[in-house]
Amino acid sequence: MSWTLYWVLLAIGIVMTGIFLFLRVKKGGISALYAKAAASLCFISTAFAATSANRDNIQFGLWVAFGLILGMVGDIWLDLKWIYLQDKDSYLYSGFISFLLGHICFNVAIYKSYRFTGKTLAVSIGVSLLIALGNILTEKLMKNHFGKFKFIVFLYTFFLALTMVSAIIAAIATGFEKVWVVMAVGGVLFTLSDAVLSGMYFAENKNTKFNIFLNHILYYAAQFTMAATILCIK
């Protein structure tokens, strides 16, 4: 039953994501927000359905689900940024922190399920630090202006990269077990989504309809992919 429920919720989620993207790019407004909320509830629901179907790995499933919930909360904060302009900085910080905590949950799921050696752990942390540092050092090259958000951007980028890099290392070390391949794909999709979003928030003339569409399709693909890892873990 839970497996069937997962696929039903996934199908509904894909449809709702498509409706949201159409409404968001076409006209925005309250109808787009309702569709976005429905799509977000679907990726969380698929995670819990997958956890119910794979009860032998319930701890992994719950950590991933918590990460997805925090992602939805972060998304709400970022939406409020555009509504309450006088408090936009506070909402942006709140969004960063929620998404950061979400990636910590994803990393807990990874590190509790795959035993890293001292060497692979050092590589994972080291590469993630380099990615975060590179993002800051290439700020001018990428025509971004992080300003007072520079530290939280660095911190968030580190945990974002850690999700992706740790999953890639686990995939390679295990001979490309499905769960880690799927999680690595999810991590890459998250990274690409946030790369687009970074330009929209911190660069000029990048908050275009195309970038809005690209950011959201990558974001929802990442969230549904992360939820799918729960079905793949053995």
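Cβ coordinates come from backbone N, Cα and C, glycine included.
Annotated features in TrEMBL:
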type: TRANSMEM; residues: 6-25; note: transmembrane segment
type: TRANSMEM; residues: 37-54; note: transmembrane segment
type: TRANSMEM; residues: 60-78; note: transmembrane segment
type: TRANSMEM; residues: 90-110; note: transmembrane segment
type: TRANSMEM; residues: 116-137; note: transmembrane segment
type: TRANSMEM; residues: 149-173; note: transmembrane segment
type: TRANSMEM; residues: 179-203; note: transmembrane segment
type: TRANSMEM; residues: 210-231; note: transmembrane segment
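With pairs at least 6 apart in sequence, the transmembrane segment (60-78) and the transmembrane segment (210-231) have 3 or more Cβ pairs within the 8 Å limit; the two touch. Ranking 37-54, 60-78, 90-110, 116-137, 179-203 by CB pairs under 8 A with the transmembrane segment (149-173) puts 116-137 at the top. Sequence-remote contacts of a segment are chain residues at least 6 beyond its ends whose Cβ falls under 8 Å from one of its Cβ atoms, and for the transmembrane segment (179-203) they are 92, 103, 106, 110, 113-114, 135, 142-146, 149, 153, 157, 160-161, 163-165, 167-168, 170-171, 211-212, 214-215, 218-219, 221-223, 225-226, 228-229, 232-234.
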